[in-house]
Amino acid sequence: MAVAAAAVAAPAGGGGARAQRSGLLEVLVRDRWHKVLVNLSEDALVLSCEEGAAAYNGIGAATNGSFCRGSGTGHPVPGVAQAPDSPAGVRTAFTDLPEQVPESISNQKRGVKVLKQELGGLGISIKGGKENKMPILISKIFKGLAADQTQALYVGDAILSVNGADLRDATHDEAVQALKRAGKEVLLEVKYMREATPYVKKGSPVSEIGWETPPPESPRLGGGSAEPLSSQSFSFHRDRKSIPLKMCYVTRNMTLADPENRQLEIHSPDAKHTVILRSKDSATAQAWFSAIHSNAGDLLTRVVADIREQLGKTGIAGSREIRHLGWLAEKVPGESEKQWKPALVVLTEKDLLIYDSMPRRKEAWFSPVHSYPLLATRLVHSGPGKGSPQAGMDLSFATRTGTKQGIETHLFRAEISRDLSHWTRSIVQGCHNSAELTAEITTACTYRNQECRLTIHYDNGFSISTEPQDGAFPKTIIQSPYEKLKMSSDDGIRMLYLDFGGKEGEIQLDLHSCPKPIVFIIHSFLSAKITRLGLVA
């Protein structure tokens, strides 16, 4: 049977068309591939392993009308208290049937005191968590242990708090830690949620996909929740995972070797989670990649607006406005097995900023992994290099920045040629705009054993003047326009050499530190002026 064809529709409201696609792919979970139904909307990707989904089959037949082996689609036979896969000493959703739970406690908050045992602890297993848009649920109660001895807890109970610490906004890991640290006497606030029973019966590969993308400055453990639990929109589809595409990194050939070119990867904004999907062939994989990448890219305008609202008038730093941002693959230095890594790159009016994940909180925007002034940065390579290009090198570009420590180089890879063009154009224009905005830079130097100042002006060129002494005005020793500069060089340590073709010959300036920033700034000024004059084709 052929793979379901992609359905493309334009969104309501007259905006640009975004791909909406549906079909069968495979997802990698715990080093095994599992068939899943994938639905792409304008802003999310939904993976599901549900009964009946095999009707859309395009990658092999399903088993017993379903796929995602291990999804727990079987149901207990009436009158049988225990399913075959439930250990005799464990209470599960197969043994604690919803109809056996008193109606009087359904959706009612209860306080239950549990005395931890030295062996076995509380004697429960939990599922759910904020990353799955679900409360923390008791999925198993071990018979004879502490929780079971209370005779007041049920499989399907949502744990609202532990010793007063609110778990309604907790991730799974946070809930585990809260229960571990709770001490010997534990007061649980719980509420039985009958609709959660299908979820806690048995997990599926899709339900094991971790994916947490909390909003900026979201409350963490103990922060409380403004909404009552019953009004929160939790999804109890145990075999469905919704992945918001906003600020996801959609790429290929990064995490896992893909010799057949059938895979695509979706990395979470916090860089903690990766979903790897595989198609039946290269062409189908490329079609899925293009659709998902396009939809994620269309959300960037909304992302920039959200960041501006979050940061307010201050901008990222010094009122610097975001001009462009997005994910790129960055080459890992050295001979590491991992050749590329995700990098969030942001261009402001004056800087190139690199983050290893999407900042969630306002203060995180002020702490990038790298921050480079565009004025001292240049684009030095774009597209395939000399000789046989390596995989991905045809969409790569490099930047070099002059710093006090020398030259720092970064090699990036875009996903499509349009992205490559946009990034390279944005960086070059950013360098030129920064040159015009800055207009002039001044640095201390020593010239012929005299303390001086070197000034480089965007329009007027170079000047060397003496340091003012005892209130006297500085004296200009040398002044020269860019047109007279015949050659410039440096020793990479502290000396800058300028030759204006005058009788004094080559001018030697001791900058007292690495000259690379000044060398790169001179290049930026010259490049911007040439471009402004229309001398670049």
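Don't overthink the numbers, they just go from 1 along the chain as shown.
Positions of Cβ are set from backbone N, Cα and C atoms, glycine also.
Swiss-Prot gives the label phosphoserine to one of S66, S225, S230, S489, namely S225. When you go through S86, S480 in Swiss-Prot, the residue listed as phosphoserine is S86. Residue annotated by Swiss-Prot as phosphoserine (from the set S204, S367): S204. In summary, of the candidate residues S235, S242, S488, the record from Swiss-Prot lists phosphoserine for S235, whereas the others have no such entry there. S125 (phosphoserine) is surrounded by 16 other CB atoms, counting those within 10 A of its CB over all protein chains shown. Per-residue pLDDT, averaged over the domain 'PDZ' (111-194), rounds to 90.
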